[in-house]
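**Student:** Not my notes, these are from TrEMBL:
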ACT_SITE  ASP97  active site
ACT_SITE  ASP291  active site
DOMAIN    79-422  domain 'Peptidase A1'
Amino acid sequence: MGPDPEPASLQAKSTIIPLDAQQEKARIKAGAGCNDHQQQQKWRKWGPSGGSSSSAINRIGTSSVIFPLYGNVYPNGFYFVQVYVGYPPRPYFLDPDTGSDLTWLQCDAPCVRCTAGFHPLYRPSNDLVICRDPLCASLHSSDYKCDNPEQCDYEVEYADGGSSLGVLVNDFFTLNLTTGVRMNPRVTLGCGYDQLSGSSDHPLDGVLGLGKGKSSIVSQLRDQGIVKNVVGHCLSAQGGYLFFGDDVYDSSRIIWTSMSRDYTKHYSPGLAELRFGGKSTGFKNLNVIFDSGSSYTYFSSQIYHALLSLIKKELKGKPLKEATDDHTLPFCWKGKNPFESTRDVIKYFKPFALSFSDGWRSKVQFEISPEGYLIISSKGNACLGILNGTDVGLNNFNMIGDISMQDKLLVYDNEKKAIGWAPANCDQPPKSNARTY
């Protein structure tokens, strides 16, 4: 059953006032996410029978939430998760993005510009977040002035040039916990009434913000005592799964390293050394971040060209030649016959790795096999899924995207400030309290 009837306080009519194009806008640059804020929103939760359930608040972290993931790196070019928002709950397909904090839906406020999505536009609740709310303040610079005190305007911009402009609202977010309990907490999310498509635009209903900031969905759930502030995902060629909380994996089987203190807005294990074929390349102190919102992996120009040179050197004398007529990605190679899968070509390519130091502990490695950086195009060629990040404005950042996180369990433990990974069968979601990795 769903939640109890909507509280009377949510039934009062509120009017969303769109920003004029010339008015000052809050900007969160290139998916950097939100600053920390004190979550002071009221919330409710219900058990499966509609009755109040207070046990979770007293036993924080004893349950998790697991969501199936759909999509793939190629040919879809994105993954998405189905969530239920509102009263009554309605389904939406969102991009699970560890590179940004704010969750938002394309919204009929009415919508000025909205891209094509899978579902009807989200109808906003009447529970607007006011401008003086600490969460709203955290999205803006300190000298921000409220155009309308009764609402919180936001704008998020992403590295691919896409953006969402809208207002913050509170609404119900349906969760099925691994304990068997259904809950409907109220969370703060964005009602996006003006979207611009980026270069990697996907036909989705919005973004599920999974970043480190307190406006992220999992941080809000942590503040409400529902799950620990732990996010994880396991990506495969057929989809995979996403989870909140820490009771769905065996921590002892995961390679852990500390989150870098130098990156307050991104998930980063710190500085890395690039190794190729088990040997050092001489490139060290690389700035590395993990971003599930990016399909491909991006290296800064110098690292990208060095890695490309190493790959080309390894291919000399091999029965492959560059497929200049295949524009799926910047570099593709063809064989005597079209390839059907990466299994047909991995013998020609070497793995590489990023080695991270963790204080006094020994170094840990994030290994990327050929399956983690190659795709087979529709023409049957092997294409390099590593791109030049400098060309798209990432400067010196090196971004590990979905292609290099496939067939791995990735865990971002914001409680312990640690990032972990382990090989996994991502087509087999864990059961409640499963210890299978």
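Keep in mind that glycine also has a Cβ here, set from the backbone N, Cα and C atoms.
What TrEMBL says about a protein is an automatic prediction, not a curated fact.
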**Student:** Let me know how many other Cβ atoms fall within 10 Å of the Cβ of ASP97 (active site).
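**Tutor:** Result for ASP97 (active site): 23 other Cβ atoms within 10 Å.
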**Student:** Can you tell me how many other Cβ atoms are located within 10 Å of the Cβ belonging to ASP291 (active site)?
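**Tutor:** Counting Cβ neighbours of ASP291 (active site) within 10 Å gives 25.
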**Student:** Calculate the distance in Å between the alpha carbons (Cα) of ASP291 (active site) and ASP97 (active site), and round it to a whole number.
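**Tutor:** Their Cα atoms are separated by 7 Å.
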**Student:** Over the domain 'Peptidase A1' (79-422), what is the model's mean pLDDT?
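**Tutor:** The answer is 94, the mean pLDDT of the model over that range.
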